[in-house]
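> This is the structure I want to talk about, given as structure tokens.
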Amino acid sequence: MADEINEIREEQEQLAPFDPSKKKKKKKVVIQEPVEDLAESSQTEKSDSLPVNDGLESSFTGMKKKKKKPTESSLLNNESVDAGEDLDEIANDEQEGEEGIVLQQRYPWEGSERDYIYDELLGRVFNILRENNPELAGDRRRTVMRPPQVLREGTKKTVFVNFMDLCKTMHRQPDHVMQYLLAELGTSGSLDGQQRLVVKGRFAPKNFEGILRRYITDYVICLGCKSPDTILSKENRLFFLRCEKCGSQRSVAPIKTGFVARVSRRKT
């Protein structure tokens, strides 16, 4: 009977009106941690509170610190830098050496306070001439003249065989050369059919050679550069000698004939 009464009461309580003011109380659940977990948590809190350096020193008090070896990249960079500096120094030394050699060859007085020597200054002038005008400063071309070939024709005439060849070598007109020869020899002559100069009188080859030397000096050679490449022209009754190399121009004296004895008989 008592059990039935209790069941009825419980049903009545369940069917009772809902009261929102009343709240159910939550039961507090207490979890007990083991002792080992508590010790570990306390150690972590202490380690967090300590600075990093102190923790490392306290943990590794009995051990020595090892020095770190330099990496291979740093070594390679240092070697490349040293090699580059060495190459730059070698290149600079070579350039300085070459410049010093060139200056020493051109100007021996560089780097000293001594007086100039005439031979050194003269060599410098010729070096400048060779650089600017290699034709003028080069070796002079010597004009080689063939010796005159002279033959006797009879007892009163002399034949100049290679007269035309010498005129071509000197680049002069045969009439002008013949006029000078006859004026210097003091005789008369003419060209024959073989283009040989036939002169009246007896003359040795030395006579023709000396006259030709004077003709070359007066009417062929340039007095400035001593070049035989000249042109003889006539302007306003005057002869001018112009050099094709240096461009200088000068007037030359006209050919003067001396006294010529009249050998032919006068007509009566």
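In case you wondered, yes, glycine gets a Cβ from its N, Cα and C as well.
Copied straight from Swiss-Prot:
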type	residues	note
COMPBIAS	1-12	compositional bias 'Basic and acidic residues'
MOD_RES	Ala2	N-acetylalanine
MOD_RES	Ser42	phosphoserine
MOD_RES	Ser80	phosphoserine
MOD_RES	Ser112	phosphoserine
REGION	1-85	region 'Disordered'
ZN_FING	222-246	zinc finger
> Using DSSP, tally how many residues of the zinc finger (222-246) sit in helix, strand and coil.
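Residue counts in helix, strand and coil order: 0 helix, 12 strand, 13 coil.
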> State the count of C-beta atoms found within 10 angstroms of the C-beta of Ser112 (phosphoserine), not counting that atom itself.
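I get 7 for this one.
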> Across the zinc finger (222-246), what does the mean pLDDT come to, as a whole number?
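Mean per-residue confidence for the zinc finger (222-246): 85 out of 100.
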